[in-house]
Amino acid sequence: MSSPARSADDGFEAGFPVLIVSGLSGAGKSTVLNVFEDLRYFTVDGLPVRLAPDMVRVLDAQALEQYQGIVLGMDLREAEFVQQFEQALARLQEMGVRPVLLFIEAEQGELMRRYATTRRPHPLESEGMGLELALAEERRRLAPVREAADLVFDTTSFSIHDLRRVIQRRWSSLKGRMRSLRVNIISFGYKYGVPKEADLVFDLRFLPNPYFDTSLRPQSGLDAPVVEYVFGTDSARTFRDRFIDFMTYLLPLYEAEGRYRIAVAIGCTGGRHRSVATAEALLDVLRKSDYAVTIEHRHLELG
């Protein structure tokens, strides 16, 4: 990232992308913010619109080092929203910040259906309007915001997975940071049970078992002698290489479908030797591929 934000007199410069998400109540603004949060954006929902420039200023580059950028969610609940929104945009532009404005909407009938399903009140119903009139009035009031939007998302026929794919394709790599898919590698022992959260499970009980070598039994798949034993045959090394090739082929396909988290469980009998060695081999490769990857040896001390 660039140097930290400075005062206006110094010529403030934002070193990170700034996005503003607004739109019709019930159209999916909160869902959009959740997707951006999963993509490692710093998200703030319900921010008073007049505070947007100050928020951008105080969140300097160092504070946002682990994030892709800022996403601010704003809606009509605030009095004089449209007027203050226009003033906030003008202030941001004076600061040299050109935020990307996303407007989220849906067709009237779909919004009516969603409110009937959730049974939540529309913000404008507190002004004495019925739901249908409140939706129409909100659309009218927010017309200037929609007109100023860089992108308008109509979520009428969008599932959450559709929405995630659209946002992911466009904004997941603005800063060239880690890929959006988070991979959790879990080694485990079948004698203790398969991890319930696993999306993919691989059974490695066909590999050479160090347990039957009394000198290796106290060690684990974290130790070099065990790794050399497990992958000491041509067939074991071929499996390891093909397994890793398979995973590096498969993970981008999950990523392209909008998945943001996947748990890969790798098991052997006790969860101490073969599964640990293979999980560590996969970890080494995935870390070089810029995935956000974690590893857990669940039964290492039990096996």
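Backbone N, Cα and C define each Cβ position, glycine as well.
Quantities reported herein were computed from a predicted structural model and do not represent experimental measurements.
As written in Swiss-Prot, here are the features:
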type: BINDING; residues: G23, L24, S25, G26, A27, G28, K29, S30; note: ATP binding site
type: BINDING; residues: D75, L76, R77, E78; note: GTP binding site
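Features as recorded by Swiss-Prot, highlighted on the structure.
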| residue | record | CB count, 10 Å |
| --- | --- | --- |
| G23 | ATP binding site | 28 |
| L24 | ATP binding site | 23 |
| S25 | ATP binding site | 24 |
| G26 | ATP binding site | 25 |
| A27 | ATP binding site | 26 |
| G28 | ATP binding site | 23 |
| K29 | ATP binding site | 23 |
| S30 | ATP binding site | 17 |
| D75 | GTP binding site | 23 |
| L76 | GTP binding site | 20 |
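Other residues of the same chain near the ATP site, with their Cβ within 8 Å of the Cβ centroid of G23, L24, S25, G26, A27, G28, K29, S30, are D75, I104, E105, A106, T155.
Put simply, D75 (GTP binding site) is 11 Å from S30 (ATP binding site) when counted between their Cα atoms. DSSP assigns S30 (ATP binding site) to a helix.
In the three-state DSSP reading, L24 (ATP binding site) counts as coil.
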